[in-house]
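Taken straight from TrEMBL:
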| type | residues | note |
| --- | --- | --- |
| COMPBIAS | 131-160 | compositional bias 'Basic and acidic residues' |
| COMPBIAS | 161-173 | compositional bias 'Acidic residues' |
| DOMAIN | 56-111 | domain 'MobA/VirD2-like nuclease' |
| REGION | 131-173 | region 'Disordered' |
Amino acid sequence: MTTFLQTEYRDSGAGKLMAYIGREGDTPVHDRAGRLISNKQKERFVEKSERHQFERHMIISPENGNDLSNDEIGKETRRTMEQFTKNRPTVTYAYSVHRDTEHPHAHVAMTGEKTDLYMDRGDVENVRETANERMVERERYKHRRQEKERANERDSREREQELEDELEIERGR
């Protein structure tokens, strides 16, 4: 399993991008803490993007997106973006989770100085790998842990049954 990542940038403000990721107000848009952002916050985001005259749009689509809730996709998108923005002080981002295609995905709108939003192939691959580890590998680990817990429960029940059977045999003597 892998995570699909697409990114593009424009030398412009992010007004149209914010409208798109929020589906013209029909889809919640969140900030870096996962809180819903208000119209006033959206306006400030767009104003910042107009000052910088630069925006970046990123789409993160985990292959196992149908197994994840919107909250899980959002949480792991934030963690992925925390990693990307760690040494990029001017970057501000907002995101929204969409389920309008076969694969659920997060749209991330970013603005900041062009140098902080620059991504070469290595940066793109690093973000893809981070998102994959956060969403796909985390889910695999969770499933393996659940399977192990179920196996332990089965073993416990079987052992209890064996002990009960032994006790019945003892009583029957």
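Even glycines carry a Cβ here, placed using N, Cα and C.
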Secondary structure content of the compositional bias 'Acidic residues' (161-173), with strand meaning DSSP E or B: 12 helix, 0 strand, 1 coil
The domain 'MobA/VirD2-like nuclease' (56-111) - residue tally per DSSP class, helix then strand then coil: 19 helix, 21 strand, 16 coil
Segment confidence, the domain 'MobA/VirD2-like nuclease' (56-111), expressed as mean pLDDT: 94
